[in-house]
Amino acid sequence: MIALIHLGTFAKFRILTSTTFIDDVDSPTENEKNESGRKWIENCVWVRDKILKELGISVEDLSSFESFTRLLHRPRDPSGLAIIRMLYGFLMIIDVHHERGLSSADSRWGNPAECRFPFFNFLKPLSLEWMIMIYLLMLLGATGIMLGYRYRLSCLCFLVSYWYIFFLDKSHWNNHSYLFGLIGIQLMVSGANRCWSLDGRKNPKYKHKHVPLWNYALLRGQIFLVYFIAGLKKTNLDWIGGYSMEKLGYHWVFDGFRFLLTDDQITYFVVHLGGFLLDLTVGFFMLMEFSRPYAFLFCGLFNLMNSRMFAIGMFPYVMIAVMPIFCSSSWPKKVFCRIPKLREVVLYESAPGKSEDCVYTETEVRPEEQVESSEKPTSSVKTPHLRSLRLRHKATAVLFCLYFCLQFFLPYSHSFTKGYNTWTQGLYGYSWDMMVNNWRYVHTTVTVVDKNTGQHFHLDPDVCMTCH
């Protein structure tokens, strides 16, 4: 965003400096150069304005901290966020049984002698009975998120139990489990229960109220970074050269390409170069309205193929479920209003009401938020006064910026610890290094040599050794 603003400023400066010297030069060649430069600059400004228009913002929105804070707190329809909440909660219910391990809790936590590698040394697993209770708490939390019932408490129950199990064993650490936890935190601090929730049925405070724009921007930015940084991480010779996934092109999901390409060509052009370009660009294309349908198509196929090739649990389905976050905030209502039966049952009779979390300007609902449905505008579409910024609005804007600064730093923080991930095999955790290699370990042997006697001992790496 800042680069786009500087581009426009630079353009204006060049235009002024160019016109200063045009009168002093009689040479038509020099005039042509000035005219060519002016056109190039005008084109750059046009591109900048076009991009900002596609994003629904203007240069003025980014001109100061106050304007940026107002931008983040613009009122938005809550229905798009509610759909993400329900899909996320549903998928986490499935995830609790499978990847979190409720279905295999007895084998995973039943042996107290099994060697554990907690992320924090003070974390210890509880007895099997209590670990199952932790799983049940997580399951109840995920169900509450899906239904929007006691939303904050449900999010808290889910996240505390989720991160506890997540941190118990860093040997099982992976990117998508880390992402699930981040999305859960982002939903907890948002107003995702202000539409189609049980809380809204019981408490008018949560019934069909506006949510601030940052609720959407937080999730959009997170998903954008997952793809974009995954693309940046692939800019190494191993991936660009086609060596990271040498045999992946033989998988059956690529059968449709075999009419034109060989298996080795599929591995290089489709898996490596195609995967690199998709990760690097799909976030930008999903942000732009004109390219969003095509981006959704390729992104959906990409994640479905990954679900067949890799054992990565609910990750592909979560990434598909969050794709609509890039759409207009009122997209569900636009869909439901075209289905007569759902239109009468699901849609509200009035437009979303005011929320204290939003900052209103001259209009509460912008043109892009109007929906052709059974919803009738409320009598307060025009606000009689401007809402002033409060301290909590400014604090939210600061925290928003700090969060994304942290998300830009963490993927490269490994360089401060163990260096290049592929060779040192340190924690990938929050690096978004998506499938930079696909190695399978057949057997692990730990050999201990007694230096005094020269005798060799073999240890079972799955058994914890205790010194007495």
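Including glycine, each Cβ sits where the backbone N, Cα and C put it.
Feature transmembrane segment, per TrEMBL, maps to range 149-167 of the set 130-148, 149-167.
Under the criterion of 3 or more C-beta pairs below 8 Å, with sequence separation of 6 or more, the transmembrane segment (173-192) and the transmembrane segment (266-288) do not qualify as touching, having fewer than 3 such pairs. With a threshold of 8 Å between CB atoms, the same-chain residues lying at least 6 positions outside the transmembrane segment (149-167) that come near it are 92, 100-101, 118-120, 123, 134-135, 137-138, 140-143, 173, 177-178, 180-181, 184-185, 187-188, 192-193, 197-199, 206. Beyond the ends of the transmembrane segment (266-288), by six or more residues, the same chain brings 51, 54-55, 220, 223-225, 227-228, 230-232, 234-235, 239-242, 244-250, 254, 257-258, 294-296, 298-299, 302, 323, 326, 434 to within a C-beta distance below 8 angstroms of the stretch.
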